[in-house]
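> One structure follows; several queries about it will come next.
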Protein chains: 4
Amino acid sequence: MKTVLVTGFAPFGGETVNPSLEAIKPFAGWKTDTYTVETREIPTVFGKAIETLYAAMEDVVPDLVICVGQAGGRPDLSIERVALNVNDARIPDNEGNQPIDTPIVPNGPVGYWSTLPVKAMVHELRRHGIPASVSHTAGTFVCNHLFYGLMHYIAESQRPIRGGFIHIPYLPEQAARHPGQPSMALETVVKGLRIAIDVAFRQEEDIATSEGSIC
Amino acid sequence: MKTVLVTGFAPFGGETVNPSLEAIKPFAGWKTDTYTVETREIPTVFGKAIETLYAAMEDVVPDLVICVGQAGGRPDLSIERVALNVNDARIPDNEGNQPIDTPIVPNGPVGYWSTLPVKAMVHELRRHGIPASVSHTAGTFVCNHLFYGLMHYIAESQRPIRGGFIHIPYLPEQAARHPGQPSMALETVVKGLRIAIDVAFRQEEDIATSEGSIC
Amino acid sequence: MKTVLVTGFAPFGGETVNPSLEAIKPFAGWKTDTYTVETREIPTVFGKAIETLYAAMEDVVPDLVICVGQAGGRPDLSIERVALNVNDARIPDNEGNQPIDTPIVPNGPVGYWSTLPVKAMVHELRRHGIPASVSHTAGTFVCNHLFYGLMHYIAESQRPIRGGFIHIPYLPEQAARHPGQPSMALETVVKGLRIAIDVAFRQEEDIATSEGSIC
Amino acid sequence: MKTVLVTGFAPFGGETVNPSLEAIKPFAGWKTDTYTVETREIPTVFGKAIETLYAAMEDVVPDLVICVGQAGGRPDLSIERVALNVNDARIPDNEGNQPIDTPIVPNGPVGYWSTLPVKAMVHELRRHGIPASVSHTAGTFVCNHLFYGLMHYIAESQRPIRGGFIHIPYLPEQAARHPGQPSMALETVVKGLRIAIDVAFRQEEDIATSEGSIC
């Protein structure tokens, strides 16, 4: 029996809800024939986000880690391809920190690739009717921060853990307060995460179809 | 007991599904204390759309009519404010017609206002967590065509029927084939239509808050 | 010798410049073999905008009138097709008025069509490398207000004046303060207006190609 | 006297013009008191793009290199912050190559940061009325390919060359054939590049203001 760790973030930026936190709740204690899922809430705070993740990883000893975060303005499940070693906060985090152009890991590599099969995930999601795409930027706020922290941990640990990050849209109730912004129902997101976890779990090699962008 | 007629369109433009048709199905035969709902499918064909609507109106004798249509690319429930007397088809309809700059009703007025309380509907939808907005263009395809036909019938009949049009986003399964497009879950749309019908039914006067656009 | 009246608006909404005002300046006193151009600045104020236009029309006695306005967020020259009889101001005008759901002309028709050859203008603009499109909504602020006032004057006067409205993007210097918004260089706008005036002047009948929108 | 190398790409993707190639032409042989500019055309072909750049760098021995590329759909001058070590071509290049998920430099680092003062450039551009922003993805086509190749050369050479990449919008004449897409006049782009080169040349340290994105 293997273990999957799935994380979501606390609400931030004036929102009272974070879709990533709502979306992971149904996975708490979820079991299939081959894996069980553990869920954790991550504070939307630079530094503490990574500390909380690392404590969870020591506790859970996962084989697969998927961090989930809110991407207000995006219309689909964005499977992130790369984490960058920079904090550049456009707004303060939940404790008022607003780092600008600081490294997440001093002397760490510029970036880490997701080790999830991002294209296989996108294709399987679409096949099940869930809007999804590969993203080449996870931003420069706490989401990217956590994603980089995750991949750095995995790289340093040299254990065969696989990890990645998924950005999800606003919930409809959030978009109702942000006219013009796209949203996705919680049920659609949850169904999508279930598929994404499943594909990530059973497939190590990605598929070779283009999901690139010209610019 | 009053009667509400709700219509949806047949799939068009290469789609195998039309969210408006799916969204009205749960309302077939739906009853509340004060009204019953009748639903009808409208062909996505210039001319026949209006003929089918008129036959339904003769049959049902509704007090309130809400026509629903697909607006691929829009992120929310768009409550249409005005119908224009022009057909200008960017693509052929389901029978290959592609009228350009023809009037829907020769010598008819340039436009008809919706007689639904469009702003009250938007506000009540948002209050229930459903993304919604007032729209000032229903396009120039079969949706606007039907909307204009509806309002013309009401104007001519001089009966106290009230009517309007709601555009809805792609379903997630459609957006999965149109990367980058927003979508809305069927359940969210259905919940929204129920609220919209309810507000439209019980409220004749609209509220006076701005939902205007600068351009 | 015929006369063309071209108008632009005063800056509004916190801007220090209005591209429509800048763009009409080069046309002041401009003459071709067949027409001369008069330009006027219109205050961005409900009521006064129309009064100023009407005074100019009495003064100039134009054969053709093209009103120009700023459409922040639009990427091209939007040739407006229809004016609607409603004021619904999302922000106050330059004198603090913010009418909501008032008619521009009590008991006036719902809308007036532009009497310019909107599609011929779009096609000729594109042929000269100027981004352009037909628009089916001029908004509900002072631009639509003026446009409706213009077309109402023409309808009432029963003189063979032709008229319409063109929305233009932010200038680059404005977009530099609104990151993510499209813009158009003043030179491109001016070149486009010259083409638009020319086509509008020499062509009464529009061309029959689709510039419709599905929704 | 120092030397700046500025490159632009050949047209691709069905376009007959590439704004980056047009925009660098006025800089050929351009001199200021402290530097001269050399320009080169880069083929829009994986592999050959980098070979051509490297030959130019051997030839010119530049102190500063700015590569420029077309970003159809973007509204402003995008100063790229990071190049990624991946080719993922959504369309074929000009010789029919369409690499998917291949490294640009086998065993090269995941990414390279631009060594230009990207935020100082954005701020100075905006101050001069030129729309600009920091971008965190240069895509996965030949633009990113060249950018990565440039930064790899600089890293390997251990010479004090500084380098980066700027994406620019469609020209108006291109957007006229892609309705709805933003554009920028050649004159605006050229003015912007001149400012960008100047800032890049005279300023080594970047400024510490946030240009980050939340996601």
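Yeah, the Cβs are placed from backbone N, Cα and C, and that goes for glycine too.
When I checked TrEMBL for this same protein, it listed these features:
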ACT_SITE  A:Glu80  active site
ACT_SITE  A:Cys143  active site
ACT_SITE  A:His167  active site
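Tell me about the setting of these features in this model.
In the three-state DSSP scheme, A:Glu80 (active site) is classed as strand. In the shown protein chains, 26 other C-beta atoms lie within 10 A of the C-beta of A:Glu80 (active site).
Under 8 Å, Cβ to Cβ, and six or more positions away along its own chain, A:Cys143 (active site) finds A:Phe9, A:Cys67, A:Gly69, A:Gln70, A:Ala71, A:Phe165, A:His167. The secondary structure of A:Cys143 (active site), as reduced to three states from DSSP, is helical.
Using a 10 Å Cβ-Cβ cutoff, A:His167 (active site) registers 27 neighbours. Annotation note: A:His167 (active site) sits in a strand segment as assigned by DSSP.
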> Under 8 Å Cβ-Cβ to chain D, which of the active-site residues A:Glu80, A:Cys143, A:His167?
A:Cys143, A:His167
